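To start, the structure under review is shown below, and the notes come after it.
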Amino acid sequence: MNNGTSPAGGETEATQTRSGFVALIGAPNAGKSTLVNQLVGTKVSIVTHKVQTTRALVRGIFIEGPAQIVLVDTPGIFRPKRRLDRAMVTTAWGGAKDADIILVIIDAQGGFNENAEALLESMKDVRQKKVLVLNKVDRVDPPVLLSLAQKANGLVPFDRTFMISALNGSGCKDLAKYLAESVPNGPWYYPEDQISDMPMRQLAAEITREKLYLRLHEELPYASTVETERWEERKDGSVRIEQVIYVERESQKKIVLGHKGETVKAIGQAARKEISEILEQTVHQFLFVKVRENWGNDPERYREMGLDFPT
């Protein structure tokens, strides 16, 4: 939905530019990352059916008329159990605190469950403009949607309510227009052609992690991470990427490798295809699997993911 023509940092003579930060808050798998990708028009945040796949703040940028909107995709809000969980939830609330507008995303198909109620309860004291976004509405009957919207607005005074399908784009254009009209006047934060503040090597690692989760959603626990250890632009215009999938135990390494390396090969093929499409370059990807015991307690790993290490 990048429909703008204004230069970054300036204003046209006819139209004053606008810009602002919009945080997306919701329970795991509410569809936050899918919505970010839909509004931006390309992938900047990974999407899987496995919950809690977004770990750090991911900023996607789109332009609507004279407005530049910076979307902050946060980790899902849930009750943390592990150190990594605590870091993710803290990061999510930190992203919301600095935003101009907060989109509260609720999975309409899941209904008014415990996660939705806890999320709404936590939003009562938030001062920023709050917008309720009911997602996956194409899977829910209209009377149920109306009841859900009424209950949510009864708990929290939302400025607006939108009913959308982030997956197929239904309702997203109206949401984009509203955000463009609601962010403050001011110069753009980023160049016109920039769609994310995430370095490409980090996005490439996130894409590989997505393919890892999609392939091994039943078998692989969350104790895994992917790091891009080498990125080389070659003279022929191609890119050589070396990445490592880190797991905590030898048994997990065997799962990721698969029989005769077939599983990691399939993960690499899927990741390479998508990275190549985004870069519009030939990609030579070399994927390794290594054991790094207790990486979930290593402060350096948290810094690499953009998370504060909780003590």
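Glycine is treated like the rest: Cβ placed from N, Cα and C.
According to Swiss-Prot, the feature domain 'Era-type G' maps to 18-185, an assignment based on sequence analysis. What Swiss-Prot lists as region 'G1' is 26-33, and the listing cites sequence analysis. Residues or ranges marked as GTP binding site by Swiss-Prot on the basis of sequence analysis: 26-33, 73-77, 135-138. Swiss-Prot lists 52-56 with the feature region 'G2', giving sequence analysis as the kind of evidence. The region 'G3' annotation in Swiss-Prot covers 73-76. The region 'G4' annotation in Swiss-Prot covers 135-138 and is backed by sequence analysis. What Swiss-Prot records for 216-293 is domain 'KH type-2'.
Taken together, the residues of the region 'G4' (135-138) have an average pLDDT of 96. Helix, strand and coil counts under DSSP for the region 'G1' (26-33) come to 2 helix, 1 strand, 5 coil. With respect to Cβ neighbours within 10 Å, the binding-site residues Asn29, Thr74 differ, and Asn29 shows the lowest count. In the three-state DSSP assignment, the secondary structure recorded for Val137 (GTP binding site) is helix. The domain 'KH type-2' (216-293): residue composition by secondary structure is 29 helix, 28 strand, 21 coil, according to DSSP. Around Gly26 (GTP binding site), a 10 Å sphere centred on its CB holds 24 further CB atoms from the protein chains shown.
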